Amino acid sequence: MRATCATIHLGALRENLRRVRELAPGAKVMAVVKADGYGHGLERVARALEGADAFGVASIADGQRLRAAGASQRVVVLSGPDEAGDLAELRRLKLDAVIHHETQIELLAADADPRPLRVWLKLDTGMHRLGFAPERARDVHARLRALPSVDRDISLMTHFANSDVFDDALTTHQIERFERSVSGLDGERSLSNSAGILGWPEAQGQWVRAGGALYGISVVAGKIGADFGFRPAMTLSTRLIAINRVRRGERVGYAATWEAPEDMAVGVAAIGYGDGYPRHADFGTPVLVAGTRASLIGRVSMDLVTVDLREVPSAKIGDPVVLWGRGLAVEEIAEHADTIGYELTCGVTRRVRFVEDES
Ligand SMILES: *Cc1c(COP(=O)(O)O)cnc(C)c1O
């Protein structure tokens, strides 16, 4: 059997939730589980994080999956309804909807169903992606309140563009704009994503929305989750399936991009971009071979990567190879592949075997 495997550490997920609560003691926690729980598996993440106060998802389809898996927590669809039929589905599944656009108010206004939907009013305080202009907060809030199809208990939210830079004036500005625009309005407040929780404790409101932190991943430049007390929730691993001697001057891999500087051993590990390992990972990207750091050489191919074994002379076929996770931060790999850890965990593909681990 192909050894390529993503081990999901359920204990780490649970512990990371505890850590989020420690950092935001006055707030309820919405565990953000979009993109299949950042690639960790929606249902298994929801089970491990059953202590969360709510789940945040990107689509009604994810809400369906959570309800089918027995989740009874609040589930918030972060982009809300797209069309009239969505409202019935939101009600059937008892999902909360984020309302960020005029067209959604029109859907709600045209809705004759008397069972009120729970909504979160989203304001755009500077991200300029989703949300109403803050100047419109009062007007939109009043219009939503007046609709029989909307629950009167409306939550208020915004999203940060750059909260991972802990001294950036944009976040200060976003917090001020949000507070000004909602002052005097009823409803719980929610501003912070993971980086907001870490760097902007004044912005915790009644709800924090934690994604990356729960998976043990940091988006703060130069920092890894462990620097903030989080543990990685995924370890991606495989095994060495070949060890070859390569002579000085010979080249390794597609396009012959890497040249051996001396006679040396090259290991071949059973993982590639077909598994979601980034093709852009450069030479020198670290891997762990039987627990020892070694470097990627040559191009990443679909099913295989090649590894410089000069630092691991005792390596043998069958040795475990860790690509990221315990002992090797996904943030470090992301740096070598010019991306962020979130994209790497989200990108693990279907052919990878997922294994659950209680620790
Ligand atoms: C994805 C998302 C989050 C979580 O962000 P992290 O950086 O992963 O904590 C929070 N709020 C909204 C609206 C999101 O889309």
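Using the three backbone atoms N, Cα and C, a Cβ is placed for every residue, glycine included.
Note that TrEMBL annotation is computational and uncurated.
Marked as active site, proton acceptor by TrEMBL: LYS34 (among others). Neighbours of LYS34 (active site, proton acceptor), defined as other CB atoms within 10 A of its CB across all chains, total 18.
Non-local neighbourhood of TYR254 (active site, proton acceptor): GLY298, ARG299, SER301, each in the same chain, at least six residues away, with C-beta under 8 Å from its C-beta. Here TrEMBL flags TYR254 (among others) as active site, proton acceptor.
Within 10 Å of the Cβ of MET302 (substrate binding site) there are 12 other Cβ atoms, across all protein chains. The DSSP secondary structure for MET302 (substrate binding site) is coil. The substrate binding site annotation in TrEMBL covers ARG129, MET302.
TrEMBL lists 233-357 with the feature domain 'Alanine racemase C-terminal'.
What TrEMBL lists as N6-(pyridoxal phosphate)lysine is LYS34. In the three-state DSSP classification, LYS34 (active site, proton acceptor) falls within a helix.
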Quick one: give me the count of other CB atoms within 10 A of the CB of ARG129 (substrate binding site). 10
In the domain 'Alanine racemase C-terminal' (233-357), how many residues does DSSP call helix, how many strand, and how many coil? 19 helix, 49 strand, 57 coil
Quick one: Cα separation, ARG129 (substrate binding site) versus LYS34 (active site, proton acceptor), in Å? 17
Alpha-carbon spacing, LYS34 (active site, proton acceptor) to MET302 (substrate binding site), which is rounded to whole Å: 26
